[in-house]
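> Structure provided below as structure tokens; questions to follow.
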């Protein structure tokens with residue numbers, strides 16, 4: 001029976017002005033109901049909360065794996081491992097063969113096992129991909145891919161490095177998965193520029209050397225078109241077992257900067273930095289060709305290019321050579337020896353020993369004529385010659401070693417990467433009591449002629465030939481006691497070592513005197529550079545405004561505004577508001593890279609690409625000239641003065657040879673041109689050689705190339721300061737009344753103070769001339785070099801025409817400087833008559 005238990009009074013409960021009455025039905029068991037109600041509520045709440053948490057967790061997981069940005073970066077490593085319980089078979093050279101695929105799968109599983117076993121690597125490991133195999137018993141080359149948060153990148157690199165060190169030793173050999181026995185492994189992080197997807201076979205070439213034959217490969221498109229942009233090409237090169245590879249780049253013409261386009265050669269089939277022989281870019285002449293040697297029977301060549309400015313590329317030859325079983329030998333009495341395969345770059349991982357013997361009581365003298373090894377790294381020689389218990393590396397212009405007895409041991413070692421040209425040495429016996437019969441014995445062990453002693457020149461290299469000397473009339477006595485040529489007085493260069501040659505100097509009219517007595521050109525004042533060294537030249541200067549009042553020493557822009565900066569033209573910085581100082585700058589560049597061999601006098605092919613040889617009909621080289629545009633040459637006026645027998649002013653008797661290196665050898669790149677007209681300076685004075693300049697117009701334009709380029713013409717305000725090193729070139733006589741040179745010669749000179757020059761020469765040196773004296777190279781400008789260039793290499797590598805070979809007292813006289821027409825003084829005259 002239902003009973004009413006609760007009743008609301010309608011008068012007491014009104015909603016919106018309406019009386020309501022609520023009646024509740026009684027429960028059958030009120031007490032039982034009251035006990036169950038909280039439990040059910042809690043259960044319902046728990047189910048709801050659980051559902052919410054589950055939904056939230058699912059959402060987070062979905063966001064984590066699908067929508068959250070993945071900040072991990074892709075890291076690639078390259079390496080190889082030695083497998084000792086497998087034999088190399090020919091089918092493993094073919095990545096499409098079943099044998100290759102099956103072994104690759106096994107190796108990749110082994111690599112996964114290795115890396116997943118390293119706690120600091122396992123979280124980031126993605127995969128390993130085998131790319132090649134070679135002999136030894138089997139060497140497997142591979143890529144390792146990891147993905148790591150940026151904050152853990154350094155930790156991963158270190159973990160990989162430690163693992164590589166641990167596994168590079170054969171003492172740590174072990175068997176993995178009961179299948180492969182790995183004796184050693186090398187792995188290193190890959191240069192991002194050199195990473196290519198492992199399975200990408202585009203621009204991939206597999207080559208094998210043939211016995212007794214040179215094989216050729218080229219960059220894509222060579223020689224008909226430039227190599228393609230944005231490319232990654234590789235050439236896998238193999239030789240037969242027990243052979244090594246010789247790779248010679250016959251032609252090499254890439255972009256100048258290695259950040260953009262470059263070729264890398266590895267002593268491996270994996271692009272691993274620890275096995276990199278060399279990385280190259282730019283242009284190399286035949287006289288400085290790249291010839292490389294591997295340490296084993298494999299080599300990898302890669303070409304990486306960017307998206308812009310593609311160049312011709314390269315042509316390369318390769319062949320296999322028998323691997324030398326022993327490097328070094330026992331040599332007796334006299335002879336020569338060199339780094340392996342010299343003059344090619346020495347191979348990595350080479351160890352050689354030479355034992356040099358002479359009969360007692362004589363001793364052994366070794367002279368290294370060429371010495372170019374890898375430079376020190378952290379004060380450690382990685383490649384070195386060990387002699388007299390000393391390890392020697394780097395570049396040495398002259399190196400002499402003496403033994404203490406009748407026997408000497410010389411060792412050579414190269415590490416696994418980055419080789420160089422190596423060394424060439426001679427040895428002979430010498431008598432310790434008379435080390436240099438009829439010659440002077442230098443303290444370092446070399447011998448020089450007695451006529452070179454006390455001549456003011458450091459011929460020994462250690463100044464031992466210039467000590468305890470009585471100075472001659474044309475020499476200056478230094479405070480140190482050394483005798484120096486008067487050439488070098490007051491030129492701003494501390495030749496004496498104590499600066500005594502720069503004391504009490506008088507400045508020329510176009511120079512200012514610093515507080516420290518140094519003289520500098522007026523145009524260097526207020527150029528925001530402390531040229532004096534004591535700040536004198538920068539005092540009372542108003543810096544800040546871009547333009548300054550125009551004077552004889554300021555550079556005038558095309559907008560007629562002047563700037564104070566010294567030599568601003570073509571220096572790579574726009575100093576003029578209108579940018580005119582960087583216009584018409586396609587000049588003064590040398591496409592070819594040149595060797596670092598010092599002391600030579602023969603120029604290399606393309607080293608001075610503006611040098612011209614002028615021939616008169618029926619004769620060989622008569623004068624020199626410089627290319628200044630595709631139509632015009634500049635030379636010396638005295639070359640074109642008529643004589644009783646010849647009308648040298650007649651352009652039809654002259655022929656210009658451009659791109660020439662060896663006289664009478666018209667090789668690749670040499671261009672022969674007729675002369676259309678000759679313009680001699682109207683004020684040329686044949687008695688004083690003042691205004692000794694002439695222009696020659698070619699009969700038709702020349703096309704520029706790697707061996708033919710114009711030299712930059714200096715602005716009228718361009719300054720070539722006293723003491724600056726310059727170069728003179730030509731095919732003139734090697735000495736007075738001697739034969740003419742066949743190969744283009746070069747000599748380094750230093751610009752000399754005009755006042756000093758006038759004291760040393762028989763004629764007057766005017767303000768329109770430059771004076772320069774011998775520094776190195778063995779020659780000064782001589783007969784036959786007249787009209788040729790004096791080239792000044794500026795800080796950015798661009799070359800300007802500082803002077804034109806004009807006159808001098810004799811030839812190759814060390815204490816008689818040469819005189820040159822000052823090119824800057826004739827800038828306006830050249831433009832007026834040629835438009836250049």
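Cβ atoms here come from the backbone N, Cα and C positions, even for glycine.
Remember, TrEMBL labels are computer predictions, not curated facts.
Since the structure is predicted, the reported quantities are computational estimates derived from the model, not experimental observations.
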> Looking at 16-40, 41-65, which stretch does TrEMBL describe as transmembrane segment?
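Comparing 16-40, 41-65 with TrEMBL, transmembrane segment matches 41-65.
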> Just going by other Cβ atoms within 10 Å, which of the disulfide-bonded residues 460, 496, 526 has the emptiest spot?
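Each of the disulfide-bonded residues 460, 496, 526 was scored; lowest Cβ tally within 10 Å is 526.
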> Helix, strand or coil by DSSP: which one applies to residue 532 (disulfide bond)?
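Its secondary structure by DSSP: coil.
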> Whole-number Å distance between the CA of residue 570 (disulfide bond) and the CA of residue 496 (disulfide bond)?
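Answer for this pair: 35 Å between alpha carbons.
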> What is the one among the disulfide-bonded residues 454, 469 whose Cβ has the most other Cβ atoms less than or equal to 10 Å away?
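Output for this query is 454.
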> Name the one residue among 638, 692, 786 whose Cα is closest in three-dimensional space to that of residue 550 (disulfide bond); these are the active-site residues.
692
> These are the disulfide-bonded residues: 490, 532. Which one scores highest on other Cβ atoms within 10 Å?
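For the disulfide-bonded residues 490, 532, the Cβ with the most other Cβ atoms within 10 Å is 490.
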> Mean pLDDT, the domain 'Peptidase S1' (597-835)?
87
